[in-house]
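Encoded as structure tokens, the structure appears first; notes follow it.
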Amino acid sequence: MTPSDFISIDYKTLTKAQLKSYIDDLAEYLGEQSYLYHTIDKPVITDSDYDKLFRLLQDLVDDNPQLKPSNSVLDRVGGEILAGFETIKHKKKMTSLANVFSLEELRDFYDKIEYDIELECEPKMDGLAISIFYKNGKFDYAVTRGDGIQGEKVSENVKTIRNVPLKLNTSNPPEELEVRGEIILDKQSFLSLNEYMQTHENKTFANPRNAAAGSIRMLDSKVVAKRPLKLYSYGIGYFSKDFVHPETQFELMNLLQSFGFTISDNMFLAKNFSEVEVYHHKMSHQRADLAYDIDGLVFKVNNIKLQDTIGYTARGPKWAIAYKFPAEEVESEVLNVEFQVGRTGAITPVARLKPVAVGGVIVSNATLHNINEIKRKDIRVGDRVIVRRAGDVIPEVVKSLPQYRKPDAQMVEMPTNCPVCDSAIENINDQAIYRCTGGWHCQAQTTERLKHFVSRKAMDIDKLGAKLIEQLVAADLIKYPADIYKLNFEQLTGLERMGAKSSQNVLDSITKSKEPSLARFIFAIGIKDVGEVSSEALANHFGSLESFREAKFEQLIEINDIGEIIAKNIVSFWQDSLNIQIVDELLGNSINIQNPEKIEQAHNESFTNKTIVITGTFENYNRTELTQLLKSMGAKVTSSVSKKTDMVICGDNAGSKLTKAQDLGVEVIFEEDLQNLL
């Protein structure tokens, strides 16, 4: 299930029994996502989606309290405890804050308190929550939030953080004190760590929060000590009777600072809601300029006695609230605009941005698409801009904010020559796309073409990654695809960070790739606009590389999935003597292409020339077998439902595709119907 599967269901039309099932499923799903986020630090949905679903579950249970699921995320904070860690019970429950997502909701929170109050305001840092226990002023142990009742003991790692006091800076420390805070990695340190990780371990962290959480859970504290983690304190938990508690939250934070803890420079005391709005506006605008990642703002009733009067819910305090920023769009600043050269020579302008968190990921680059878009949006170097990142989509600059434009902001101009090889840049028929004419003579195009050639869906040389391709091209060891098959052990071990084992793995991977299917080979040689689907269609139609090389334009356009533009590109490809030479050299290096077996197409009126989508799980088929079976009967199998879909075949747990098919009036059949038709 995905967030959209839950959101797409109209729960108002459900019976009580169906609604109970829906609520239970939603609670179970949120429990799984909470575990992935809080316990193993591998979230698969965005914070924004989680917050929407949590709010939906809350609303449903508020309206139907008799349907409240037991032991759900509504009763818990965070995730379960990893089995491999010693667990320690918090002296005082480590709760979390309720969320609001608009100024209107924030105003509701303020008005409900029914007092003329001051609010202590601070950034909501996005890191790992921690509780540090001090005994007689000395560091005793540190515990993660865990499930709010007990957490993982990570004392040795937390001790390595430079700004964590090992002894409180006071001559009269309390006997016992729990200090709460957030362990973070600032944006610049995160980028530096990821660069190191990519170079030395060939992996990276998704965002600063994951980097901080992953570091604190490492077994080797010596490694943790090398990472520039920081602790920002935001409050206290348990305290012994001899602790003299300040009268206000603001004074408490100043006291913690005097003890030696780091607190945010952006704390503010709002005397009324108008000042809350001013703080909200200021921090929303300055978010991109902060050294660290924040995902919202926190507002706490300043008066401690009033906090006690207002009280708590099972999840957390009623006297504090977290305002969450919209996850999709944030402000940043364009530091520079550079032009990248792609596999086909397309020149793409890329904005170099002041690093900013968008959708849980630190973004320092964003596409500007093309020069026409830059002019239309009036984007200049030095501008404040809105940056968007949705799902796994490449970040883009949505618009500029000219009201903040500096006098020295620079217009962006398209270069006349390639920034890599200095070849001329051409613009055909005044289209938005500009291309470098250097082809294989352009190192940028060469590098990207070779990365494509070895990729998983092409020749699938899995041990020959992008970074190694860049190394090999820079060392002038490879220029054309055939050069990959000429690499030897000595050349590879001579490269930086390439040992004997790694080098042999690369050579084994290269050898393994020498018998590709015809479809993979066609895709790998990189004919413009020929993707996976087109490659498979061409391979199945022509049956051999020899037949494909001789194909005429008229033959090509008769094939499903091959339009006139692709047909022209194929003809042009085989008219280029360098392309022919590259392919011939590959064949001369023991590449043995596996031609597809000719499948006699069975005629079945139910499936021939039909566009079909398969969804769910089946008792008598796996998805791959069923796809091939339908294709053999002349069907076109696609992955998404649209108005062009003729039929959706549903197994168990069909999900949103079934719902969409029903909404569009597309024919739906189930496994029993399928067996009858076959």
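Cβ atoms here come from the backbone N, Cα and C positions, even for glycine.
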Which of Lys20, Lys300, Lys354 shares the NAD(+) site with Asp47, Ser48, Asp49, Tyr50, Asp51, Ser96, Leu97, Glu122, Arg145, Glu182, Lys324 per Swiss-Prot?
Lys300
Compared by Cα position, which of the binding-site residues Asp47, Leu97, Lys300 is the closest one to Cys442 (Zn(2+) binding site)?
Asp47
Restricting to the same chain and to sequence separations of six or more, state which residues have a Cβ under 8 Å from that of Cys418 (Zn(2+) binding site).
Val341, Ile347, Ala424, Ile425, Cys436, Thr437, Gly438, Cys442, Ala444
I want to verify one value. Collapsing DSSP to three states, which class is Cys436 (Zn(2+) binding site)?
strand
Please average pLDDT over the domain 'BRCT' (602-678) for the predicted structure.
81
Ten-angstrom check, please: count other Cβ atoms within 10 Å of the Cβ of Arg145 (NAD(+) binding site), all chains counted.
22
Rounded to a whole angstrom, what is the C-alpha distance between Asp47 (NAD(+) binding site) and Lys124 (active site, N6-AMP-lysine intermediate)?
14
Out of Leu97, Cys436, Cys442, which has the highest number of nearby Cβ atoms, where nearby means within 10 Å of its Cβ, if these are the binding-site residues?
Cys436
